[in-house]
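Student: Provided herewith is a single structure, encoded as structure tokens, for subsequent inquiry.
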Amino acid sequence: MTAGLTLPAPAKLNRMLHIVGRRHDGYHELQTLFQFLDHGDNLTLTARRDGEIHLSPALETVTHEDNLVVRAARLLQRASHASSGADIHLEKRLPLGGGLGGGSSNAATTLLGLNQLWQLGLSLERLAALGAQLGADVPVFIHGRAAWAEGIGERLTPVTLDTPWFVVVHPGMSVATPVVFNDPQLTRDSRPITMARALQGGAPEWRNDCESTVRLRYPQVAQALDWLSQYAPSMLTGTGACLFARLDSEQAAQALAAAANQHWHAFVARGLNVSPLHDALGC
Ligand SMILES: C[C@](O)(CO)[C@H](O)COP(=O)(O)OP(=O)(O)OC[C@H]1O[C@@H](n2ccc(N)nc2=O)[C@H](O)[C@@H]1O
Ligand SMILES: Nc1ncnc2c1ncn2[C@@H]1O[C@H](COP(=O)(O)OP(=O)(O)OP(=O)(O)O)[C@@H](O)[C@H]1O
């Protein structure tokens, strides 16, 4: 039996997220800073000769064919005319609908991992273009560098951000991204800012334009955010439901996570400017 290739599928945070417009197809134009975390899912990929894609274990709320891992593998097979298949084991640690980009990250790890396993030699640009068909957040996970993103999140410029410790809190429910983006009251007209301005950090730029809508629709998120903000500067990531607090030391982060865990699920993670996936693959 061939040994499997085990690779990380890290979480991302949106350190800030502005919505600056809406396109005719309904997608929103964003300005956001993406950073990776040293916490996420793991995938083990093993090649099969018969072309079949097997994924285990199944996710409770997602069918096999809808799972972004399976969709990414099939997309790569079609695009590269690959005849190989794969057994894929997914160790899921990230909450679904958490704003941590778990599904997108799973898709990116599948594309990069199978590209290596099947010896396809596709470039990161080609894989990112394929990934964009699966979700707006897939390209940043393919490129693997913290980034300033514009457009719907696909126009990426690599950046170097500070790498603090974070306490990430999951308030116990998931937020469906389309629900937030379809809310009539969502702020959609923030003034575009320059990347340089965004990188200066701090208020008022490091905010998330989804926050007021999410607070109104999901009182549990508002409650957790108010609690967390008493102890450290805290924000929503993506369209939620997860929140993150920024701490200067691991010790302070562990203490806050222990307190948060009395009410919700919380974990400590460090911000990373290079994805652990790219460290693992040496790219
Ligand atoms: C908000 C972010 O989390 C920021 O990182 C992402 O842009 C969301 O990315 P995602 O979950 O991969 O989203 P997708 O699966 O591409 O889109 C889900 C739905 O969200 C809405 N959507 C998403 C991204 C975007 N820039 N504008 C949108 O309006 C669309 O209704 C879309 O049908
Ligand atoms: N492998 C997968 N992991 C997680 N979700 C998946 C997967 N495959 C399909 N999905 C579907 O995609 C939806 C969004 O999942 P994901 O975990 O990426 O949300 P998210 O963290 O809110 O992402 P984002 O920050 O990109 O909005 C899930 O609710 C689920 O229905």
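For all residues, glycine too, the Cβ spot is worked out from N, Cα and C.
Quick caveat, the model's predicted, so the values are computed rather than measured.
Got these off TrEMBL a minute ago, pasting:
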ACT_SITE  K12  active site
DOMAIN    67-144  domain 'GHMP kinase N-terminal'
BINDING   P95, L96, G97, G98, G99, L100, G101, G102, G103, S104, S105  ATP binding site
ACT_SITE  D137  active site
DOMAIN    207-265  domain 'GHMP kinase C-terminal'
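Thinking about packing and proximity, how do these listed features fit into the structure?
Tutor: For K12 (active site), the number of other Cβ atoms no farther than 10 Å from its own Cβ, over all displayed protein chains, is 27.
Secondary structure of the domain 'GHMP kinase N-terminal' (67-144) per DSSP, as helix, strand and coil residue counts: 44 helix, 7 strand, 27 coil.
Under 8 Å, Cβ to Cβ, and six or more positions away along its own chain, P95 (ATP binding site) finds G102, H170, S174, A241, C242, H265.
The Cβ of D137 (active site) has K12, F34, G101, S104, S105, G153, G238 as same-chain neighbours under 8 Å, each 6 or more residues away in sequence.
Taken residue by residue, the domain 'GHMP kinase C-terminal' (207-265) breaks down under DSSP into 29 helix, 10 strand, 20 coil.
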Student: Name the residues of the same chain, 6+ apart in sequence, whose Cβ is under 8 Å from the Cβ of G103 (ATP binding site)?
Tutor: L68, L96, G135
Student: Just how many other Cβ atoms lie inside 10 Å of the Cβ on G101 (ATP binding site)?
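Tutor: Looking across every protein chain shown, the total is 29.
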Student: Given K12, P95, G97, S105 as the recorded positions, which ones have a Cβ positioned under 6 Å from some atom of ligand 2?
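Tutor: G97, by Cβ distance under 6 Å.
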Student: Cβ within 8 Å of the ATP site's Cβ centroid: which residues qualify beyond P95, L96, G97, G98, G99, L100, G101, G102, G103, S104, S105?
Tutor: A11, L94, G238
Student: Using DSSP reduced to three states, classify K12 (active site) as helix, strand or coil.
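Tutor: DSSP assigns K12 (active site) to strand.
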Student: Just to be sure I understand the contacts, which recorded positions have a Cβ under 6 angstroms from any atom of ligand 1? Candidates are K12, G103, S105.
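Tutor: Result: none.
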